[in-house]
Each structure stands twice: as C-alpha cells, then as structure tokens.
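*Asks:* Just passing along the structure, written as structure tokens.
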Amino acid sequence: MEERGAEPELRRFTWEEIAQRTGRGPAAEERWLVIDRKVYDISRFHRRHPGGSRVISHYAGQDATDPFIAFHLDKTLVKKYMSPLLIGELAPDQPSFEPSKNKKLVEDFRELRATVEKMGLLKPNRTFFLLHLCHILVLDIAAWLTIWYFGSSTVPFLFSALLLGTVQAQAGWLQHDFGHLSVFSESKWNHWVHKFVIGHLKGAPASWWNHLHFQHHAKPNCFRKDPDVNMHPLFFALGKKLSVELGEQKKKFMPYNHQHKYFFIIGPPALVPLYFQWYIFYFVVQRKQWVDLAWMMTFYIRFFLTYLPLLGVKGILGLHLLVRFIESNWFVWITQMNHIPMHIDYDKNMDWFSTQVRPSFQRAVSLNGGRCITPKRADHSSNGNREENISSLSSLCEVSDMCKGRGCRNGMEALNAEYRFCQRKEPKVLQWSSDGDLPMHGGWISRFVFCLI
C-alpha cells in the first residue's frame with residue numbers, strides 16, 4: 001500500500017517512443033521532449049511558450065537538455081513552471097541522450113561548459129555594453145549635427161547617412177546581446193534595454209527578432225527550422241544536399257546557375273529596405289504586439305521630428321532609404337555570409353556542440369602556413385545566453401590539458417600551435433569528411449575543438 005502523500009511513480013519511456021512524438025506523422029498531435037532525463041509533454045504548452053512555439057517545437061522528439069541550459073537564464077525558476085508538463089522519465093536502460101549522438105563528445109562538452117562557467121569566463125563586462133551604447137548615441141547626435149551645421153548638400157547628406165548607417169549596424173549588434181539575456185542577471189532588465197535599443201534606436205520589434213533569431217540558434221542551418229536559410233529554394237539553392245534534391249525533383253524557381261550574380265542585387269542591398277522594412281509592421285500587427293509597435297513608433301517619430309525641418313519630406317525619405325541600404329549591406333555581409341557558405345541540410349538531430357559548430361566554422365590557412373580551424377561567429381558559443389570575448393581564447397584553452405604548456409602569447413597562437421601539435425600526434429583525427437562535416441572522433445577531438453570556442 002502506498003504511503004499517503006507519496007508521489008506517484010513516474011512512467012518510463014524509451015527513445016523510440018519519444019522520437020515518435022515530434023508533432024508530425026502518426027502522433028501528429030503529440031510533442032514530447034527530454035531535459036535531464038525527464039520527459040515533458042509540450043503538446044499544448046508549445047503555443048504558450050514565452051520564447052515562441054516554433055523554437056521549442058524544433059526539439060520535439062529529441063533531447064533538449066543543452067539548448068534548455070543555453071536559452072534560459074534562471075533555470076531553477078523555469079523548471080518550477082515545467083512541473084505540470086512532466087509525464088515521466090527515461091527508462092533506466094536508456095542513455096541520457098539519443099544513442100545516435102556521440103556520447104564522448106556530449107559528455108566532454110557538458111564538462112567543459114560547467115568548467116567555463118565556474119571559471120567565470122561567461123560573466124559580462126557591463127562597462128563594455130555601456131560604452132557601446134554611448135558611442136551609438138554619440139554617432140546618432142553627430143549625424144544630426146552634421147546636417148544642422150553644414151546644411152543638406154551632397155557631402156554632409158552622405159556623411160550623415162553613413163553615420164546613421166553605422167548607428168543602425170552597431171545597435172543591431174548591441175540589441176543582440178540584450179536579446180539573448182547576456183548582460184544583466186535579471187531577465188526583465190535585459191528585456192527592457194532590448195526593447196529600447198531595437199525599438200527606439202532601430203525601429204524594429206523585439207518580438208520579431210526573438211521569434212526568428214532564437215530559431216536560428218536552436219537549429220542553425222537546418223532547413224525548415226532555421227529562418228535564416230528560408231531563401232532556399234525560392235531565391236537560392238543552398239547546401240550541397242538540398243541543391244541535389246532540387247535537381248532530382250526537377251524544381252527550379254530561379255536560374256540558380258547565376259545565383260552568384262543576382263545575389264548582389266536581391267541580397268545585401270535589398271534585404272532590409274525592401275523586405276524587413278515592411279515585414280516588421282506586418283509582424284507586429286498580425287501578432288498584436290502593440291508594445292513593440294509603440295517602441296517602433298518612437299523611433300520614426302523622433303527621426304521625422306529631428307530631420308524634417310532640415311531636409312523636407314523628400315529629403316527625409318531619401319535619407320531613411322539610404323540608411324537602410326547601408327545597414328542592409330553591412331548586416332548581410334557580416335551575418336548571412338558566415339552561414340550560407342557552410343553546411344546546410346535538414347535537421348539530423350546532432351548533439352548541441354556539433355549543431356552550433358558545423359554551420360559556424362571554416363578551415364583557413366594561417367599566416368605561418370599551418371592549417372587551423374577558426375570560429376566564424378562569437379554568438380555560437382558554449383552557452384547561448386552568454387557571449388565569450390575573443391580575448392578569452394587563451395584562457396579558454398587552459399581548460400584543455402592539451403592546450404597547456406605551448407607558450408602561446410595570444411588566442412590565435414594557441415589555435416595554430418594546438419593544430420600543429422594535433423597534426424603530429426594524431427593526423428587522422430583531423431581529416432574532414434567528404435561533405436565538410438567536423439571530424440568528431442570522441443573526446444580527443446572534442447578537447448581540441450573546445451580550445452577554439
């Protein structure tokens with residue numbers, strides 16, 4: 001007989017049962033996921049998920065332990081709200097994550113993440129973010145003063161547009177960190193400053209950015225899950241496997257053999273002024289995000305009130321379009337070009353580390369002739385809600401025993417020395433697969449790649 005007040009025994013599940021609850025197929029109405037061996041039913045909750053329905057649904061039928069840690073600041077609080085969703089746990093004979101994943105790599109990564117957090121390498125420098133914000137405000141004021149003092153002739157007009165384009169680009173990088181809850185220890189302060197930077201300084205909705213960018217981080221370069229590669233196949237043929245699939249299906253929406261040419265017309269110059277500019281208003285109205293709309297309107301009101309007396313209606317519209325054009329080129333070449341040339345495919349449910357690394361790294365030739373693997377973006381890091389400073393590369397390399405004792409003076413020296421060491425000791429480990437995937441050979445190679453984060 002059960003004792004009064006005793007909790008009922010949790011149901012036990014296998015990975016085969018969980019993999020069938022993806023929201024598609026025979027069990028289309030069911031969505032399950034696993035966090036720390038606990039099984040949660042998000043079939044109804046996914047629509048009320050604060051981070052968005054899609055980002056959590058992308059992990060239905062999978063282990064979501066690592067993305068859960070990466071995306072949530074106060075994990076203890078979040079787990080309290082998850083209690084009603086708990087339906088069971090993995091059976092004792094089941095591994096903590098899917099058998100198809102690299103066991104040693106997952107374990108090594110989780111150990112490294114805990115070590116990095118313990119070392120305090122993920123703590124943000126708030127002075128840096130304050131100075132970043134101040135320099136944006138200074139440039140914004142300087143742009144207005146340029147036209148106010150020198151007039152609206154061609155040179156002051158273009159110089160002011162360049163300053164405002166820089167403001168938009170720099171505000172974009174700054175809002176990214178607040179949007180990831182990377183600066184303050186309390187989520188509410190991150191959200192407030194995020195809305196100010198992206199809404200008032202850029203004229204875009206925070207909810208729109210969260211909706212798209214969180215999906216990108218959850219499943220980067222995974223077709224139908226990462227919005228950043230949604231231009232396939234309507235405009236471009238992306239990825240080796242997806243392009244071959246189009247050929248086999250005999251589908252052709254554009255002259256793909258010329259996409260390297262028309263990219264320069266519909267890519268960098270057009271993304272922001274011709275697409276984002278109208279879509280952000282459609283997004284907030286369609287989803288009834290009235291708070292975001294209010295923040296956006298403060299940007300346009302301020303912009304028109306300050307520049308209308310100096311430029312007139314035609315001048316201010318021309319300035320706004322030119323600023324968006326500059327911002328668009330800046331944004332696309334720095335962000336999209338870090339991922340589009342990399343491996344793009346359907347979701348293969350790889351481990352979290354491989355998911356983040358594969359679309360963000362490239363092989364490059366160092367100045368001293370040695371081969372190395374260099375990080376493409378800082379935001380695909382060991383912890384999604386913290387940004388590592390590039391100056392911390394040498395400190396992070398100290399986590400691995402292999403990286404110690406090399407006499408490296410800086411991060412890049414550490415990378416090159418590490419790779420040369422690996423080439424001498426285990427050359428086969430560093431061979432890349434035919435499709436460009438990272439050579440994941442257990443914990444040995446993971447300790448090498450960890451030095452690159």
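Glycine residues also receive a Cβ, built from the backbone N, Cα and C atoms like all the rest.
Dumping what TrEMBL says about this protein:
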type	residues	note
DOMAIN	10-91	domain 'Cytochrome b5 heme-binding'
TRANSMEM	128-151	transmembrane segment
TRANSMEM	262-284	transmembrane segment
TRANSMEM	304-323	transmembrane segment
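Looking at the shown structure, what environment does each listed feature sit in?
*Replies:* Long-range contacts of the transmembrane segment (262-284) within the same chain, counting only residues at least 6 positions beyond its ends with a Cβ under 8 Å from a Cβ of the stretch, are 203-205, 207-208, 211, 235-236, 254-255, 290, 292-293, 296, 321, 324-325, 327-329, 331-333, 336.
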*Asks:* Using DSSP, what's the helix, strand and coil tally for the domain 'Cytochrome b5 heme-binding' (10-91)?
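*Replies:* Result for the domain 'Cytochrome b5 heme-binding' (10-91), in helix, strand, coil order: 35 helix, 19 strand, 28 coil.
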*Asks:* Where does the mean pLDDT land for the domain 'Cytochrome b5 heme-binding' (10-91)?
*Replies:* 91
